[in-house]
Structures are given as structure tokens and as C-alpha cells.
Amino acid sequence: MQQENIREEIILSSMKVFETYGFTRVSMQDISKACGKGRSTLYYYFTSKMDVFDAIAEYLCQQVFTIAKESYSREASLEDNLVGFLRAKLRQINLITKRFHLAFEDMKSDPALMVSKTRHMLDDEIELIRDMIGIAVAKGEIQFLEEKDMLFLSEMLVTTSRCFEQEVLLFDRFPDFEARLAWLTSICVKGLK
């Protein structure tokens, strides 16, 4: 338990370093100073600044998912749940990109690197969307779908929403993303009725 606390302490302390200096200009020495740990302790938990940054990304992604998931209600319609979840998720990600704007600017030069940082919550999202679809089928809100089709649809909705998120966040497209998101979701749900 002690080791997990130290690891989390390093993650939380190092966030401010990446927030202030971005990714490229940060060194393990900067992280060591920020968390008040010796470099040997730091290297015991993390092999590189990328390793620390990955841990921060995982931590933040989990936070985003947890907050976005709060918008989900089993009583709400599929459309309301999808729009609510995806909107809440995008808003949270938008806040994070503003907070860590220097690190995101560094990452924009390598979009594949950015994508790899957000893969942490992929399975959780697919499972949640699958649950939303299953409930909509059970309520007769949309047509019957076999399990394999519900899973495929869940995966495609998550994949599509991630592409949309990347366009919004990495390339500053769709300033009216919330309206666009609601419109796309409405089209999708109508096609399932």
C-alpha cells in the first residue's frame, strides 16, 4: 500500500511540472524536485519522463471517464445517454487540454503519441456504451440487436467519437462541437429505430 501511495504522490506532484513546462522541456530532475523525492526513488517507480507522463494520462483518463459516466442514467433514452456521456467527456478533455496546453502543443507534432495516451479508457467506454444499447433494446426504444451487433455498434460508436474528439482537440475543428455531437447522435439513434 505504501508503494502505491508514493507512486500516486509522484503522479500528482509531477502534473504541475508538465502543466507549467509542457512535455519536451521537462526532465526527470524537474519531476524529482517537484515531488520531493530523490532520483533513485523516482526511477524505482518510473523508468522515464514518458513513463511518468503515461501514468498521468492514465490517471486523467480515468478521471474523465468517471465524471462523464455520472451523466449516464438507466432511465434516460439512448440518445440522451450518448449525448450526455460524450458531451461530458469532451468537456472534461477540453478542460485538461487547457490545463496542460503546453504538453498538448508538444504532442500535436506527433498525433500518434496523443492517441496512445487516450487508449486507457477504451474498454470501459465500450462496456458502458454496450450497456446503454442493451437497455435501449430491452426498453424497445431501438430495434432488437444480437449481442455481437451490440458489441460491434459500441466499438464503432467509441471509435467514431474518438476521431471526433481528436479533430476537436488536436486540430481545433468544430467550435460548435456540442451541437454537432447531438446532431450526429440523433441521426445514429434514429437509424436504429
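Any Cβ shown, glycine's included, is placed from N, Cα and C.
A TrEMBL annotation is a machine prediction, not a hand-curated record.
What TrEMBL says about this protein:
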type	residues	note
DNA_BIND	27-46	DNA-binding region
DOMAIN	4-64	domain 'HTH tetR-type'
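Taking H, G and I as helix, E and B as strand and the rest as coil, DSSP gives the domain 'HTH tetR-type' (4-64) the counts 49 helix, 0 strand, 12 coil. Per-residue confidence over the DNA-binding region (27-46) averages out at a pLDDT of 95.
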